[in-house]
Number of protein chains: 2
Amino acid sequence: MTTPAPRTTLPRTFTRDLAPHDGQTVRLQGFVHARRDLGGVQFLVLRDVTGIAQCVGQNLTLPMPESSVEVIGTVKAHAKAPGGYEIQAQQVHVLSEAVQAPPVEIPKMEWNVNPETTLDYRYVTVRGLKERATLKVQAEIVAAFREHLIDEGFTEIYSPKIVSAGAEGGANLFELDYFGQRAYLAQSPQLYKQIMVGTFERVFEVAPVFRAEEHATSRHLNEYLSLDVELGFIESEEDVMDVETRLLSAIMTRLRARASAEFDLLGAAIPDVPQHIPRIELLEARRLVQERYGHAVGGKDLDPEGERLLSQHYAEQHGTDFVFVTKYPKAARPFYAYPEGDLTRGFDLLFRGIEITSGGQRIHEHAMLLQSLREYRIDPAQMEGYTEVFKHGMPPHGGFAIGAERLTAKLLGIANVRYARAFPRDRHRLLP
Amino acid sequence: MTTPAPRTTLPRTFTRDLAPHDGQTVRLQGFVHARRDLGGVQFLVLRDVTGIAQCVGQNLTLPMPESSVEVIGTVKAHAKAPGGYEIQAQQVHVLSEAVQAPPVEIPKMEWNVNPETTLDYRYVTVRGLKERATLKVQAEIVAAFREHLIDEGFTEIYSPKIVSAGAEGGANLFELDYFGQRAYLAQSPQLYKQIMVGTFERVFEVAPVFRAEEHATSRHLNEYLSLDVELGFIESEEDVMDVETRLLSAIMTRLRARASAEFDLLGAAIPDVPQHIPRIELLEARRLVQERYGHAVGGKDLDPEGERLLSQHYAEQHGTDFVFVTKYPKAARPFYAYPEGDLTRGFDLLFRGIEITSGGQRIHEHAMLLQSLREYRIDPAQMEGYTEVFKHGMPPHGGFAIGAERLTAKLLGIANVRYARAFPRDRHRLLP
C-alpha cells in the first residue's frame, strides 16, 4: 500500500521551475507519467500541472502509472532531459498507489482506441495532455469573457435553471417534477438577462443550459456552457456586434498570453480578430454561396454547407475567419427578435465554417411583443411571465450567446464538440 | 407611444460623471426614477446604473416611472441636487414608455408590502436600489472568488448538472427523464471536482446546484450558486482552511475596493478576515457552548443555536466574525470525508452565527473508500461511477464549497437567503 510521505519543510517545486534550482535538493509532487527499470537504474517521469520531469536513481520505487508520488532529489542540468534538467532522485514516496492501469496510455498524444471509450473512462482520460490542454483553453476563454465584460461595465448575473416555461416557446425542454409542479430546465437565460438589463443595463452570465435535442450531431450537446451577454440603451444590433467584436479580440489576446503552449501542443493557431468583422445580410449571403459555389440553400436560413462556403469565401477573399450574417428572416428567429418587415435584427457569427453565436436586438415594447406572439401563433397567456416584464419601460437592448464548447472546438480544430467538454452529455451518455 | 430618439453624435454621459461636464450639453440615458410637475416647471429624476440625476425644464414630457428615456440638457452646479449638479433639460425623449406602474415605488428604500409580493414581481422589483446593491455585491464576491483562485494557480472547471447519481448518496435529488433514462440534477459538483484534481491539481467551479429539500427555512434555497474549490497534494485539511482564509480575505479586499457604496447603502460593514481564523474542534465547541451559555446541543453536530452562540463567543472574546469548527464526527459527514477514528477531517466555517462553508479532506484511496461505503451502508455498486476514479492514484486532496447567496445575505444582514438571489426557487416558487 502507500506510505505517508515524511513531513518536510522543503517547499514543493514545480517541474517547470527546475532551472533556478540547479544543483539543489527539491521536492516534486505529481503523477507517475512513465517508468522504466533498467536493472541498476530506474527512471520515473513525474507529471505535474506545469509539465514533466525525468527522475533517475537507484533502488527507486516505481509504482503503476498515474500513481501520485513525491520525489526528493537533486536538480542536474542534462541536455537530453525534458526542459534541460533531470532529477537525481534520492527518494520516491508513494502518496497514493494506482490499483488499476488506465485504459489508455496517458502520456501518448494519440490513443488507438475507440473515441467513445475515452469518454467512457473520462474520469481518468481527462488527465491526457490534449484533454488537459483543451480544458485549460476553455477556462482561459471563459476568464477572458468575464474579465473583458467587467472592464466594459457589465455585471454578472445568476439566473435560475429550473424554470416554469421555455424561453423559446416549448421545444427541446427537459421536464422535471418540482414538488408536484411541472418545471423545465432552462434552455437559455434569455428572459432573465433581459430583465436584468433593467437593473444593471449591461449584464452577462456563464452557466449551463439544457437542450433535449434527440439528434446526435458533432456540433450539439444536451448540456453546454452558455456565455451570455445582454446590453441596454443600444441604437441597433450594430452596437451588439461591436461589443462582440471587442470581446472576441480580448479573448484571443488572453489566449496568446496564457495558452500559447496549449495551442502549440494541439497544433492550432489563435486567429486574429479584425477591428471590424465583415457583416453580410443573410439574403446576400445566400446569393453569394449560390453564385460563387453553386450551392442552393433551402429553407429560410443558411444550412451547414452554406455556412462553410460563406466562411471559405471570407477566409479566401478577406483573410478573416470571422463573418457576421445579419438580418435573419422572422421564420428563422424566435418571437422576441426585433422585426424589420419580414426580417429581424438578428445575426449569427460564423467562425471557420460554423455558427458560434446567435444574437440580435430584441423587442423591448410590450405592444410589439404581443403583436409578435400573435404572428408566431404563440399563446400570450403561456408567455405572460415573459411579457409582463415589458410593461415596465425596458430600454432598447440586444445581446448574444456563445457556446463555450463549440468555440473551444473550432479554435482547436476538434471535430466533435463532445471532446471540448470535460464530461459531455449526449443522447446516450450520462456517465461519468 | 414612444418616439425614436434622434441619432446624435453626442456620446452618452453617466449620472456619476456630471462634474467634469459642468456647463456642457450632455446626453443621459436611464429610467424615470421619479417625476414632479409643478406646472411651469417639471422635474424628472433619471436613474442609470451609476446613480441618479435631477433634470429640470419646461414643457418636458414626464412619462410613467420606470419608462426608459434619454435626456439632453446642460449640466449646472446646484448645491441641493444629488451629487451637486442638475441637468437643465432641453429635451426628454421617451425610449420606451412604461404601460403599468410597478407594484412598489422603486426609489424608496423601504417597501410597505408583503415581501412575498416583491418576489412575485421580481422582474421589476429587482430594479430597487437595495436589490441592485445586493446583487452587485454578489457579483463582486464571485469575481473576487475567481480572480483570487486563478492567482493561486487554480483552474476553472464546468461539470455536468444532469447526473446519473447523487454525490451524497441519493437524498434531496430532483429527478428527471433523460431520453428514457432516470437522471438527477446535481446537488454538488463533488465527484467532478475531485476527478479534475487529477488533471489540474487545483480547481474551482461557480455553478448552480439543486436540492429538493421540502422544508422552507431562511437559510436554504432549492437552487443556489455554489462556489466550489478542490485542491490536491495537501498534507491535511489545515491546508484547505489556509486556502479558504486567504480567499475570504481577497473577497473582502475586493468588496472594499468595488462595493463600498453598496455596503453603505445597505448599512452593512465589510468584516476583517484575520490572518489566522480560529479553529476549534467540534467536541470542544459543543462543550464550550454548554459551559459558557448552558446550551446543550443534541445530535452529533452543532445546531443553529449552537452555531450562533459559538460565533457570539468568538466575536466577543476574539474579535472575529469567523471561526472554523473542525473534526466533525462521521455521523455528521458524507462517506467521502477522510476519517480519523470516529471523527473526520471535515470542517465548517461559521460566519456571524451561521455555517457558510462545509469542507474537509476527502478519502483519496480506493480501499479506504470502499471501507467507508460499507460503514455508511451504501451499496458500492450504486457508487461505482464514483469509486472507479480512486483506482487511479488520486493524490491527497480536499476542498470546500461556499453558498454564494448565504454569504451575500450574512455580509449584508439580509435575514432570508431568498432575498440574496435575483430569482429564488423555493418549495412553492417557480416564477418569475
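All positions are counted from 1 along the displayed chain.
Backbone N, Cα and C define each Cβ position, glycine as well.
Summarising the annotation, TrEMBL assigns L-aspartate binding site to A:Glu168, A:Arg211, A:Ser358, A:Arg362. Of all the Cβ atoms in the protein chains shown, 18 others lie within 10 Å of the Cβ of A:Arg211 (L-aspartate binding site).
Secondary structure at A:Ala404 (ATP binding site), taken from DSSP and collapsed to helix, strand or coil, is helix. Of all Cβ atoms in the protein chains displayed, 24 besides its own lie within 10 Å of the Cβ of A:Ala404 (ATP binding site). Residues annotated as ATP binding site in TrEMBL: A:Arg211, A:Ala212, A:Glu213, A:Arg219, A:His220, A:Leu221, A:Glu355, A:Gly403, A:Ala404, A:Glu405, A:Arg406.
According to TrEMBL, the region 'Aspartate' annotation covers A:190-193. Residues belonging to the region 'Aspartate' (A:190-193) score a mean pLDDT of 95 in the model.
Contacts of A:Pro82 (site 'Important for tRNA non-discrimination') defined by a Cβ separation under 8 A and a same-chain sequence distance of 6+ are given as A:Val45, A:Gly51, A:Ile52, A:Ala53, A:Gln54, in order along the sequence. The annotation site 'Important for tRNA non-discrimination' is assigned in TrEMBL to A:Pro82.
Here the binding residues for ATP are A:Arg211, A:Ala212, A:Glu213, A:Arg219, A:His220, A:Leu221, A:Glu355, A:Gly403, A:Ala404, A:Glu405, A:Arg406. Their largest Cα to Cα distance works out to 20 Å. Look at the region 'Aspartate' (A:190-193): DSSP puts its residues at 4 helix, 0 strand, 0 coil. One residue stands out among the binding-site residues A:Arg362, A:Arg406 for having the most other Cβ atoms within 10 Å of its Cβ: A:Arg362. If you compare Cα positions, A:Ala404 (ATP binding site) sits closest to A:Ser358 out of the binding-site residues A:Arg211, A:Ser358, A:Arg362. Cβ neighbour count for A:Glu355 (ATP binding site): 19 (other Cβ atoms within 10 Å of its Cβ, all protein chains included). Within 10 Å of A:Arg211 (L-aspartate binding site), counting C-alpha to C-alpha distances, fall the following of the binding-site residues A:His220, A:Glu355, A:Arg406: A:His220.
In the three-state DSSP classification, A:His220 (ATP binding site) falls within coil.
In sequence order, A:Asn172, A:His220, A:Asn222 are the residues of the chain that are 6 or more apart from A:Glu213 (ATP binding site) and have a CB within less than 8 Å of its CB. Within 10 Å of the C-beta of A:His220 (ATP binding site) we count 17 further C-beta atoms, all protein chains included.
A C-beta separation below 8 Å, combined with a sequence spacing of at least six in one chain, links A:Ser358 (L-aspartate binding site) to A:Gly346, A:Phe347, A:Asp348, A:Phe400, A:Ala401.
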